[in-house]
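First up is the structure itself, then whatever we jot down about it.
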Amino acid sequence: MRTISSKVVKKCITRPPPLLLSNTSLTSMASFNVPNQNPSSLIDDFTKFCCQRDLPRAMQALELMHTHRIWADCITYSELIKCCLARRAIEQGKRVHVHLFSNGHEPKAFLMNMLINMYVKFGLLKDARDLFDKMPERNVISWTTMISAYASAKLNDKALEFLVLMLREGVRPNMFTYSSVLRACDGLFNLRQLHCCIIKIGLDSDVFVRSALIDVYSRWGELENALRVFDEMMTGDLVVWNSIISGFAQNSEGDEALGLFKRMKRAGFLAKQPTLTSVLRACTGLALLELGRQVHVHVLKYDQDLILNNALLDMYCKCGSLEDANAVFVRMVEKDVISWSTMIAGLAQNGYSKEALKLFESMKVSGIRPSYITIVGVLFACSHAGLVEEGLYYFHSMKELFGIDPGREHYGCMIDLLGRAGRLREAVDLINEMECEPDAVTWRALLNACRVHQGVDVAIHAAKQILRLDPQDAGTYVLLSNIYANARRWNDAAEVRRAMDNRGIRKEPGCSWIEVNKQIHAFILGDKSHPQVSGINIRLNQLIHKLMGVGYVPDTNFVLQDLEGEQMQESLRYHSEKLALVFGLMSLPKGQTIRIRKNLRICGDCHLFAKLIAKMEQRIIIIRDPVRYHHFQDGFCSCGDFW
């Protein structure tokens, strides 16, 4: 057995020629004159082909070397393994493995680690583990590669187990080990233990470890601890800033995320793609259109970045500015399934269901295959436009046409669609046909339909199912109480309210937000804390009096039925969206669109009020509730009074 070092190839071609791997046997040696091939020349050829990333000829040379029991140096093999990874050449990679361990030859730990990494990248965890177990000596790279692989595969117990075994074997984890194993934390207890270990060995100041700690604390909703990790040490690294801003944005803490972004800018950091994506998410959650437009200016530096363009699309759609969203969408050179799905859902949520379905047809023509989320957007469009037959067609053909099995979200849209159309029995039958267990959202869709169509018996059944899954859902108690009251079942309505009191459940107060002069103004039902509340109430009463003169009558069906007569009308008068709307009329220039975000579904009375005000004041009013967006103009709403 001979091991001969290859000569250094000074000029390797760094850009490989186009390659289409064929099924030709790797043992085909047509390009080599075997009898005249001396070992040194063979290794030179092998080295050259590996450096050129010429996989077919490199594998032919490797077969000859294997036959003659010749091995090259580690660097050359590492180039070949990289080439196998780049070409997704699994069989060739395995062949390299066989060659390296043939005839008693044992490669160095460096190459073994590369082979383990190759198997991990190919998703062959069992092969990686088998090779790992055969290693005579495992170093920190070996252990970290396996821990990272288990963490990425969501095999959290295995990742944590390997960290313990690593420590028992006396191998000291490094920053990459802890960055990987932190992703495998499946509870706060493990996370805190790891955090203590990290502090003990002094790795808490490492950028990657701190970033991973912030990410994991944020994932578990422990934002206070995430911020504490961030503030413990002043950092000069953008990675940590990105982690903390992203953590707050993903946890719907948009105000804090934006505050941190301002801190980052003041500290002299330039906003790059990951930061801007998180900031756009924060603007989306808060429906801050003007601030989102300011962020868009920063995005122009990365004009054709697909991730950022998709985030912009989502922000504009969810802020109710379809004109801006469409401008971004049309300008995009590259569009993926997320781009199309975001635009389809945005059109549907803003009340443009037919346009959403037309865009879906354009998507199919473009050759982009719809995803699970795309079909949710399509069914949502059908649901909120009353397109029953179209919805049934898409639902029943999604498996056959697109290979997508219906999930909870698809069933939820269909139950909502059938319920809105008054086909309650079909909606119940569809719930009974679901392969997955219906969740509270599914039952709420049915309960809301019962409110509209007075299906008391079905409503009772749906409410019981919701409260079984979510016993603290105040909205279900309120809705059920109102359904009983509308059916004049006063005793049952009183019993529901007693149950709420006994369990300490309180209805979440309605809250609405409006942006004026780059400041957010919040209003709560009956709010008296706003500095201009007196003027707002005077203006509101004037408007209501004026509207009543043209036939407006407050709809008391949307009041919890424990009030009577004028009390019920009085409670409707000071709903948060009315207060925000009047403040917008008082504060924004005539002709400027009034944009309001609200935490609860808009009630029918406020919906009617907004329609009449839009016509009387000649304003465009956009109100975003948790379900959809209402564009009021000239006395009409984009939802067609179907929401």
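Yeah, the Cβs are placed from backbone N, Cα and C, and that goes for glycine too.
Owing to the predicted nature of the structure, the values given are computational and were not obtained by experimental measurement.
Under the heading repeat 'PPR', TrEMBL lists 108-138 (among others). With a threshold of 8 Å between CB atoms, the same-chain residues lying at least 6 positions outside the repeat 'PPR' (108-138) that come near it are 74, 77-78, 81, 84-85, 88, 90, 93-94, 96-97, 100, 145-146, 148-150, 153, 169, 171.
Among the features that TrEMBL reports, repeat 'PPR' is placed at 139-173 (among others). Summarised by DSSP class, the composition of the repeat 'PPR' (139-173) is 26 helix, 0 strand, 9 coil.
Only residues 6 or more beyond the boundaries of the repeat 'PPR' (206-236), in the same chain, are considered here, and those with a CB under 8 A from a CB of the stretch are 175-176, 178-179, 182-183, 185, 188, 191, 195, 198, 242-244, 246-248, 250-251, 253, 256. Sequence annotations record features per position, and here TrEMBL assigns repeat 'PPR' to 206-236 (among others).
The repeat 'PPR' annotation in TrEMBL covers 237-271 (among others). Beyond the repeat 'PPR' (237-271), the same-chain residues lying 6 or more positions past its ends with a Cβ under 8 Å from any Cβ of the stretch are 207-208, 210-211, 214-215, 217-219, 221, 223, 226-227, 230, 277-279, 281-283, 285-286, 288, 291, 298, 520.
Marked as repeat 'PPR' by TrEMBL: 305-335 (among others). Listed by sequence, the residues of this chain that lie at least six past the ends of the repeat 'PPR' (305-335) yet keep a Cβ under 8 A from its Cβ atoms are 273, 276-277, 280-281, 283-284, 287-289, 292-293, 295-296, 299, 342-343, 345-347, 349-350, 352, 366, 368, 595, 622, 624, 629, 631.
Taken from TrEMBL, the feature repeat 'PPR' applies to 336-370 (among others). On the 0 to 100 pLDDT scale, the model's mean across the repeat 'PPR' (336-370) is 95.
Here TrEMBL flags 473-507 (among others) as repeat 'PPR'.
Sorting each residue of the domain 'DYW' (551-643) by its DSSP state yields 37 helix, 16 strand, 40 coil. TrEMBL lists 551-643 with the feature domain 'DYW'.
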